[in-house]
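Here's what TrEMBL has on this protein:
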type	residues	note
DOMAIN	615-856	domain 'ABC transporter'
TRANSMEM	285-309	transmembrane segment
TRANSMEM	321-342	transmembrane segment
TRANSMEM	363-389	transmembrane segment
TRANSMEM	395-416	transmembrane segment
TRANSMEM	428-455	transmembrane segment
TRANSMEM	536-557	transmembrane segment
TRANSMEM	952-969	transmembrane segment
TRANSMEM	981-1002	transmembrane segment
TRANSMEM	1023-1049	transmembrane segment
TRANSMEM	1061-1079	transmembrane segment
TRANSMEM	1217-1238	transmembrane segment
Amino acid sequence: MHSQYKTDLSYHDDDHLSFATISVRRLLEFVCACRLPDVKHYDVSREETIKRICEIICDAFELNSFYNRRIFKVISGGEQKRINIAETMCARPLFQCWDNTLREFDSVTAAHILSRIKIISHVFGMTLTAVSNQLSDKILRMFDMVTVLYEGEQIFYGPSSRVKDYFLGLGFIPQSHSTIGEFVTSLFYPELRVVNKNHKGFIPSNPAEFRQCWLQSKDYAHLISAIDQYTEHHSDVSAFHTKDSSNTPIVKWKRFFNRIPSVVPYRLQVWAFAKVTYFHYLHDYSFHLTFIFSYIFQGFMLGSIFYQIQDSSGTLYSRASVLSAAIIFTAIQTMSEVDIIFMKKSLFAKHQIQCLYQPSATLFGSTIVEFPLRLIFVGMFDIIVYFLVGFRVNAGAFFTFFLFTILITYCMASIFRFVALLSQSAEIAAFIGGLAAIYFISFCGSVMPISYIGWWFRWLSYANPIQYGYESVMLNEFKNRVFNCSAIIPNLRFSLLNNICPSPSSVAGIPHIIGITYLNTVFQYKSSFLWRNCGIILGFSLFILLLSLLIANFIVYDKTPFAIPEFQMRKLYTTIQSSWANNTNEELLKQNKEQKIHRSMDVSTSLKTTDELSLCWKNLSFFILEGGVQKTVLKNLNGFIKPGQLMALIGENKSGKSVFLKTLSQRGVSGIVEGEVTLNGIKNPKYLRKRIGYVPNHLMFIPQYTVRETLRLHASLRQSGGVSMSERYEYVDKVIDFLGLYDVAKFIVGDIGGGLSLYHKRLTVIGIELVARPGSALLLDEPVSGLDSQSAWMLMATLRKLANAGLSIMCSTSQPSSRLLNLFHSIMVLDGYGRTAYLGDIGNYAQTVTKYFKKLHGNDENSDKDPADYAIRCLYYRNEGEEIDYGAAWESTDAHKHLISELDHLRSSTISDEEVRSEEEFLSSASYQTFKIMKRNFTLYWRDPTLLISRLLFNILAGLLIGFAFYKQGNGVQRTQNKMFSAYMLTIASTSFVNGLIPKFIYLRDVYEYQEENSATYSRPAFIFAFFITEAVINCSFGTLFFLCWYYPSGYYLSGHNTPFYGGYAWLIMMAFALYYTTFGIGIATISPSVGTASLLSGTAFVFVQYFNGMVQLPSQLIGFWKWMNALSPYKYFLEGMTGNNLHNVPIVCERGELYMVDPPSGFTCGQYFMDYINSSGAGAVYNPEAITSCEFCPYTVADEVLANFGYSYHHRWRNFGILIGYAAFNLGFAILIYEIIRRLPIHILLSTILRKRVARTRKKSKQLEKKES
């Protein structure tokens, strides 16, 4: 099957991966287009067939209400799940394997969805296999066949109606009120099995014995007989073979390159992906508006800095510099391809499993879409730059410039896309991409002419497409051009024949510079190379594109590339097989159990709370703004939970259960809250937040931290300062014992797809709240979601023990059985409008709540077997047209009136206002928060070897690459400038350092905002400052290696000051620069919503500041408006400090081509002739002062004179160091301020203001209507 019918097989796990910015309609049409063969169906076109299939599936899964909405606006987990199911149905694989298909649905919705899946599967001839947990008997019987696995052994296969009878026949009986699923899964736990004492046969006790019983059963014999009969009647499978099943050379060639089989022709795959990419780009506003802004902003910046440069010899350097900046910007901007590819890799993996398309089709399709987009982006940039700078006003010259910039853009985009394809992780891609950027810039000929590169590295320039692009745009601008001399030396009192233009390639007696001669002298460029280079760049582009297309089909994408193995303290990177449920590492488990026996403590007593406060809510309502319309999520909810009470929260999908729990726990939600949430009568939000724990549904951990480390971190930060650290850690051990986590306490929690089992992860997140000693209440959002029935029961039994210890607990659940509900004291039911349909005692096996709904709706044969399903079904019937208003019905009952009376009584009792007002937002000091988070961050880096090693290697290799590219340059004029540009390349490398820290910051920020911020674990300034310290230590440590690998090969230490002082200062200024770019990256990441946007913003901000460092454009030639920016550029102070320190008083020795050759007037020696000029200018030297012909004049004597052209001075070195430190401090303060004020407060204030105004307006209209009616 996997070799010949792979396109008919499909696996789907419990994820929501999709193109988030396109509409549901576009997504389904894309999937259908990738799976529908290129044939007409009953004379209906393929496009019409796709449209009809999508409409049918949308109707089936009730997606019409948001069919044209973009997916990221579909906020409900149930809606996301529906879309994923519909997506798979559109793909129509013949055999589908589903993992947790019905998770996140309530029982009624789950049954409804499953019935639709069965109908569509029957229509399209599909077979489905599903793994599902906590199934009701009704849903279980909807499956045709059921298979049961016990530790990898099959112990039953047969009709769903036969499951219970089979295991009853083995001598087991179900517990009271348990479902069939609970009965079967209880057999996997020896302590939960109930054996029939009257059974006389053999009773199995382990997986092997269960397997043996199955092999000897009549059911197994019937199964084998059915398989044999089917095989006998379907032995001829030739009709099912594809047309490519032969072994001709052409077919073998196709199989070799088409590693991923597909249904539709390749051209249709490319077209489908091109369409979905177009709509993705069309609606991805934030990323692509940033992209457009970057091109336009940089165009205006570059054009205004070099605004209308004159056609004179004094601007030759500036003209070459602006061309270099333009070509390098358009090339390096394509590094965003790396981020774009990695943002989609998990999605590609999902589509690869579904066999939607060949991986190479994604490259081809995206290239087709990106071609016109990049044409527009680069065209805007070129038009702005070209005409602001004042290049040749000639149509041919402009379009030649545009041609080469766009060719370089496409070529570099292909290269960086190729890098992303070959890289298994984002860290490796950033490592290779950063080195590639340094290589492309160092060897492009703009920062250092190719002839000055050592022969051992010169060959690298020939493999650099940017070098050919730069050469061509320089030839395009300089050929057939004459530049008048901006100055004549040494003395205009004499004949022009005795003077010369102070510029390379100048000739005595000629008052202008010929452009092509200048290029030939300085860069060794020839005009005949202009169009040759066009062919070379096209060749590079096509070669990389074809190589990418060929290799793409051999790449296997991993949906969870960051999953990591389990980790035991002091045994780094120890891999544990599978999970603890399978009794792995038995020796360690035995040791742990022996230690646990000796721990004599009553954990239930030790966790007992002393608070006697009830969680109350009065007239609680919640509103959001959706599509400009006010939407009511919760409406006038009233109730309370008393200490020691375990309350279930159920309701139909989208009834607002999660919002209700977040609102009660005082966790941040975007919307407007009306009403009151109190602990008895206490309203202080800070007080409530500390005494109400909240456990979210979606788990987000620091994956490299162990269970014990995770709990200890939260205990140390969230417990009162009056408790000693030893007492806190002892309490953590009690929580670990109570939750049954002692055996896994030394292992990392792990990320999605790795680490602990889901059951242990859910216990860990509960432990996070328990170690904070919530004191009053604990709220849990779907804690048993995704667990099997027995794991769910054990977890809820643990919560029942917590409730017995005096904690008030509310727990939402979607598909609880009556056995699970029997653990609860009370229940709250929400209807589809966010109102209370019932709140009160649950009764024995939910009989009380069932009785209440029977009075309103009527009897039902399944009401006693599945009360939660029955209650929710009643609510759905109301939505289908029944007249019963369950919210109003509940409010009219005596039970509701009694509840309101008791609620008012509870709210009237409180504690002293002084105790409440004395509550601080955080229970630990800012310095302690910073220390603990810093320590955690160091641990994360240490346990992430890919990240750490890639950054270490990058620093070493980048330093060596720059150092040997500029290897021990001499003391000529151009070689001195080469030394300066060697330091300039350090600033280019800093962009990679910044891009390396951004993903880690944004990931940790997401964890912080999702879990730690809302629980007041630590403050935002502590988070940023701790991250800064961590990154600063790493960047300074690795930066030292980078510095050494560059400093000695480049020969900076030989510049004339081979003393510890100058070397020490160079290292100091490098460390100050490391602090600067660290804080610069943190500041950019703080204001960015995603990694892709942050990368674009960092690149734009970097280039903006870099333009004013004094080396891109000479300070003397900046227009008046931008002169102040030279004094603000931090790169200027770093470069001035580094170059001024090491080049101070270094003698200049002009090479032959750098000397100005001129004959002196009659009667003058060369020394006499140049004396007045040298005295007035203070620079220059005559190498043959006694000669009377062919004077050899060098314009500089020491490197300080060269530095002066760039506005640099040795005497500013300590000022520069201080300014860099000041910039780092400013960036850090800016990041903290922007995160504390701009990112957090205005959004909530704005939303609340808009909603309050809208609510007030609605109420005003309602009152006016009431007056009119009255």
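Each Cβ is built from the backbone N, Cα and C atoms, and glycine gets one as well.
Counted over residue pairs separated by six or more positions, the transmembrane segment (1023-1049) shares fewer than 3 Cβ pairs under 8 angstroms with the transmembrane segment (536-557), which leaves the two as not touching.
For the transmembrane segment (363-389), the neighbouring stretch richest in Cβ pairs under 8 Å, chosen from 285-309, 536-557, 1061-1079, is 285-309. Of the candidate ranges 285-309, 428-455, 536-557, 981-1002, 1061-1079, 536-557 contributes the most Cβ pairs within a distance under 8 Å of the transmembrane segment (395-416). Proximity of distant same-chain residues to the transmembrane segment (981-1002), defined by a Cβ-Cβ separation under 8 Å and at least 6 residues beyond the stretch ends, is recorded for 335, 426-427, 430, 433-435, 437-438, 441-442, 447-448, 947, 951, 954, 958, 962-963, 965-966, 969, 1027, 1031, 1035, 1039, 1042, 1046, 1050, 1052, 1070, 1073-1074, 1077-1078, 1080-1082, 1084-1086, 1088, 1090-1091, 1094-1095, 1098-1099, 1102, 1106, 1109, 1111, 1131, 1134-1135, 1138-1139. Beyond the transmembrane segment (536-557), the same-chain residues lying 6 or more positions past its ends with a Cβ under 8 Å from any Cβ of the stretch are 257-260, 345-346, 348-349, 352, 358-360, 362-364, 367, 404, 407-408, 410-411, 414-415, 417-418, 421-422, 465, 468-469. Confidence across the domain 'ABC transporter' (615-856), taken as the mean pLDDT and rounded to a whole number, stands at 86.
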